[in-house]
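> Annotation comment: TrEMBL describes B:7-30, B:64-87, B:99-119, B:139-159, B:171-190, B:210-231 as transmembrane segment.
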Amino acid sequence: MTSPAHHLSLPIPRWAYAVALLALMVTWLVLQENGIALGHAAESLHEFFHDGRHALGVPCH
Amino acid sequence: MTTYTGVLLRGVGAGGIAGLLAGLFGLVVVEVPIRAALAVEEARPAVESGGHDHGEMFGRGTQMVGGVLGAVIVGLAIGALFATALAGSRRWFVGRPPFTRSVTLGAAVFGAAALLPAVKYPANPPAVGNQDTVDYRTMLYLGVIAAGLVVVYGSSYLASRLTHLAGPVRSTVVALAAIAGVAVILLAFPASPDPIPADMPSEVLWQFRLASLGETAILWLGLGVVFGLLTDPSVRQSTARAQALAA
């Protein structure tokens, strides 16, 4: 340990895992959803974020 | 600042700002080759185009808004994940200032989650890509990202296990291990299954790929920089307070 300074490491509460899961789900819905989870409703989501998906490098059709 | 909630809120805020910057870059820069690619798609005979027609359900204007909004939403989500990863990390550049830690993690994740997939499976504009292979391509793309993140995590783990080595030696060993890991990923994953259609001009393709890489760079590096700016002062303050108390 060179310096005791600058610790950002914190205890992570249990609900943080719920937040992480939610964040992953949101990312999935915006970037990846092709109908696996939402079926037909996914199509409008997919179309709305179409430019964003392409621009962020996500495989598309 | 010393609570996880404080760090999380800063992460979400930093992600929102980075996402907005990336989205605006997309609106101004990435839209140009997207428009050119859509023109190529529309010039095709209707029967051959396959998949579905872009812009039928939503107008172009709405999709451009969706492009910015999508980047902001993804920014908020990855900001939360980024903050949690940094708050929970006991190994990641311990002892370095929070700003350095944040920018370095942002750069590392950009390398694993954006640059590496961009090298192996370059982003494609509309009018490229077969509907039938999209699930397979998505699996390869997510697999490369996951493997890249394993290399990032493994590198920090290796660095934490080699603290007995001199700094430059340790850095060299870790860098060589990371390069070897990336080389294995690039060699092990199969090539992209879809050929580039002959009617897609290579200028449009490369303009799009570079612009798309620019947008992801703004997203990840912006997240690292803004999160660092938001956390660094308060971490320094609480550190100073703790030292004053200890003295």
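Including glycine, each Cβ sits where the backbone N, Cα and C put it.
Are these features on the surface or tucked inside, and what are their neighbours?
Only residues 6 or more beyond the boundaries of the transmembrane segment (B:7-30), in the same chain, are considered here, and those with a CB under 8 A from a CB of the stretch are 1, 64, 67-84, 86-87, 208, 211-212, 214-216, 218-220, 222-223, 226-227, 229-231.
Taking Cβ pairs closer than 8 Å, the transmembrane segment (B:99-119) reaches residues 82, 85-86, 92-93, 141, 144-145, 148-149, 151-152, 155, 182, 185-186, 209, 212-213, 216-217, 219-225, 227-229, 231-232 in its own chain, all 6 or more past its ends.
Remote same-chain residues near the transmembrane segment (B:139-159) are listed as 89, 91-93, 108-109, 111-113, 116-117, 120-121, 170, 173-174, 177-178, 181-182, 185, 189-190, 192 (criterion: CB distance under 8 Å, separation of at least six residues from the stretch ends).
Tertiary proximity for the transmembrane segment (B:171-190) is limited to same-chain residues at least six positions away from its ends with a CB under 8 Å from its CB atoms, namely 116, 119-120, 140, 143-144, 147-148, 150-152, 154-155, 158-159, 162, 165.
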> Same-chain Cβ contacts of the transmembrane segment (B:64-87) under 8 Å, 6 or more residues past its ends?
4, 7-8, 10-20, 22-24, 26-27, 30-31, 58, 101-102, 105-106, 109, 215, 219-220, 223-224, 227
